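What TrEMBL records for 3-196 is domain 'Cytidylate kinase'. If you look up TrEMBL, you'll see Gly7, Pro8, Ala9, Ala10, Ser11, Gly12, Lys13, Gly14, Thr15 marked as ATP binding site.
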Amino acid sequence: MIIAIDGPAASGKGTLSKQLAAHYRLPHLDTGLLYRGVALAMTIARQPLEDAALAEAAARNLKLDDLSDPRLRSAEMGGAASIVAAIPAVRAALLDFQRAFANQPAGAVLDGRDIGTVVAPHADAKLFVTATAEERARRRVRELRGRGAHADEAQILADIQARDARDGARSVAPLKAAPDARLLDTTNLDIDAAFRAAVALIDGA
Ligand SMILES: Nc1ncnc2c1ncn2[C@@H]1O[C@H](COP(=O)(O)OP(=O)(O)O)[C@@H](O)[C@H]1O
Ligand SMILES: Nc1ccn([C@@H]2O[C@H](COP(=O)(O)OP(=O)(O)O)[C@@H](O)[C@H]2O)c(=O)n1
């Protein structure tokens with residue numbers, strides 16, 4: 001079974017995908033890490049994030065080992081990822097790996113922005129996970145503070161809104177629900193309730 005989970009920043013995709021992967025005993029890929037990995041490699045090399053040729057090269061050189069770097073999880077890297085993610089050659093360079101992961105015989109859970117629309121349009125179940133921008137900002141602030149990082153709620157909200165706008169407006173694989181995706185609004189659901197709602201949608205699909 002292939003499960004595609006898409007949605008905007010801090011909607012709970014990653015949390016839900018990990019729970020679903022454990023529940024259905026499937027491997028999981030957080031595809032946002034790939035774009036964060038490209039952005040981190042370019043930042044370390046002091047390269048401009050908008051340079052399409054350098055960004056494509058960074059995407060082609062990305063190694064799985066690079067994806068465990070804790071610096072990938074910072075708020076800055078989320079914004080930087082959405083800049084490189086708007087470059088079509090970067091998306092093309094990362095596509096085969098994601099498709100191969102989705103199509104492995106065991107099946108898989110993938111989360112990102114374009115899983116149900118581009119990476120695995122034939123997925124058995126597609127969820128589009130949302131929550132209001134204010135609630136998503138609160139969640140991200142709690143998460144960052146929990147890790148001991150500084151987090152200003154107004155700034156995080158502005159970053160999330162800017163990222164939603166950039167991800168929704170880009171020409172290639174913009175953030176949008178696949179026509180056959182089921183919507184899951186988690187604004188008023190805690191982590192456990194969101195998981196139960198997701199399983200009900202998937203098992204009923
Ligand atoms: N339904 C929920 N209610 C409250 N907090 C949540 C919920 N889902 C996720 N979270 C928390 O919100 C933060 C962002 O979740 P995450 O799964 O990383 O989102 P995404 O992968 O969409 O960016 C995490 O700290 C997570 O623990
Ligand atoms: N499948 C994907 C996954 C992420 N991305 C980009 O990568 C950025 C970071 O994604 P992420 O999933 O790690 O971010 P969060 O939702 O966890 O904040 C997003 O803002 C998108 O621009 C994408 O374009 N396509």
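Heads up, the Cβ atoms here are built off N, Cα and C, so glycines get one too.
Predicted automatically and left uncurated, TrEMBL annotations should be read as such.
Under 6 Å, Cβ to nearest atom of ligand 2: this is the test, and of the binding-site residues Gly7, Ala9, Ser11, Thr15 it is passed by Ala9. Of all the binding-site residues listed (Ser11, Thr15), Thr15 has the fewest other CB atoms within 10 A of its CB. Every protein chain shown contributes to the tally, and the Cβ of Lys13 (ATP binding site) ends up with 27 other Cβ atoms within 10 Å. Sequence-distant neighbours of Gly7 (ATP binding site) (same chain, 6+ apart, CB under 8 A from its CB) are Lys13, Asp111, Arg113, Leu127, Phe128, Val129, Thr130, Leu175. Taking the centre of the Cβ atoms of Gly7, Pro8, Ala9, Ala10, Ser11, Gly12, Lys13, Gly14, Thr15 as the ATP site, the nearby residues of that chain (Cβ within 8 Å, site residues left out) are Leu16, Asp111, Val129, Ala131, Arg136. Listed in sequence order, Gly78, Arg136, Arg140, Ile160, Arg163, Asp164, Asp167 are the same-chain residues at least 6 apart in sequence whose CB falls under 8 Å from the CB of Ala9 (ATP binding site). For the domain 'Cytidylate kinase' (3-196), the model's average pLDDT works out to 95.
For the recorded site, Lys13 (ATP binding site), the DSSP three-state label reads helix.
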